[in-house]
Amino acid sequence: VIGGDECDINEHRFLAFLYPGRFFCSGTLINQEWVLTVAHCDTISMRIYLGLHTRSVPNDDEEIRYPMEKFKCPNRKRSYIKDKDIMLIRLNRPVNDSPHIAPLSLPSNPPSVGSVCHVMGWGTTSPSKATYPDVPHCANINLVNDTMCHGAYNGLPVTSRKFCAGVLQGGIDTCVGDSGGPLICNGQFQGIVSWGGKVCARLPRPALYTKVFEYLPWIQSIIAGNTTATCPL
């Protein structure tokens with residue numbers, strides 16, 4: 001996260017650190033057995049850390065899990081990595097609530113333009129060079145209207161399944177290593193860090209987020225056992 005500060009150790013109990021090997025991502029624990037992230041973070045081998053704050057110093061209640069099952073949209077365009085950028089991971093074993101682990105509820109309402117949103121992750125803190133912090137960083141940004149979002153990504157398919165968030169003056173943004181992490185707007189889990197401009201935190205391109213609310217039927221169907229459910233078009 002560019003332009004943020006170290007997260008409070010107690011404000012990200014749902015934040016998962018995904019370590020696929022060559023790079024890393026984040027995810028969000030949505031119940032004791034499921035983590036929600038983005039499809040472009042998928043790799044063959046992956047470790048999932050829960051209850052993590054300082055990467056070099058484990059918490060007493062830190063847990064490590066592995067994917068038992070991974071679900072991406074069956075109607076996703078495989079030739080276009082940014083299409084339907086969402087993935088559900090079923091953990092090999094459930095986790096229990098603890099001082100540093102607790103799930104985040106899915107949203108009950110869609111996001112609204114202008115909302116103040118909170119983003120977090122272990123991604124680089126510098127837009128010009130890879131500077132990965134030992135602790136997650138948090139920042140506040142705003143949900144941007146669709147007209148501005150489409151204008152920033154002219155020619156790219158910015159759909160109703162995505163939205164933009166950032167700050168108009170630049171300088172605060174998600175970046176490399178933050179993919180898959182949550183965007184929490186007005187207390188609700190509304191977005192998943194997906195992708196952005198070639199240079200983070202630079203105008204006029206706020207980052208793009210997968211809109212969780214649009215995928216609620218798919219998420220709920222998969223968790224309920226309907227593993228052939230399709231995503232919205």
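Cβ atoms are placed via backbone N, Cα and C, with glycine included.
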For the disulfide involving Cys185, grab the partner from Cys73, Cys117, Cys138 as Swiss-Prot records it.
Cys117
With reference to Swiss-Prot, specify which of the listed residues Cys41, Cys73, Cys138 is paired with Cys7 by a disulfide.
Cys138
Which of the three DSSP states, helix, strand or coil, fits Cys175 (disulfide bond)?
coil
Compute the C-alpha separation of Cys175 (disulfide bond) from Cys73 (disulfide bond), stating it in Å without decimals.
24
Just the number: how many Å between the Cα atoms of His40 (active site, charge relay system) and Cys7 (disulfide bond)?
25
Simplified to three states, DSSP reports Cys73 (disulfide bond) as coil
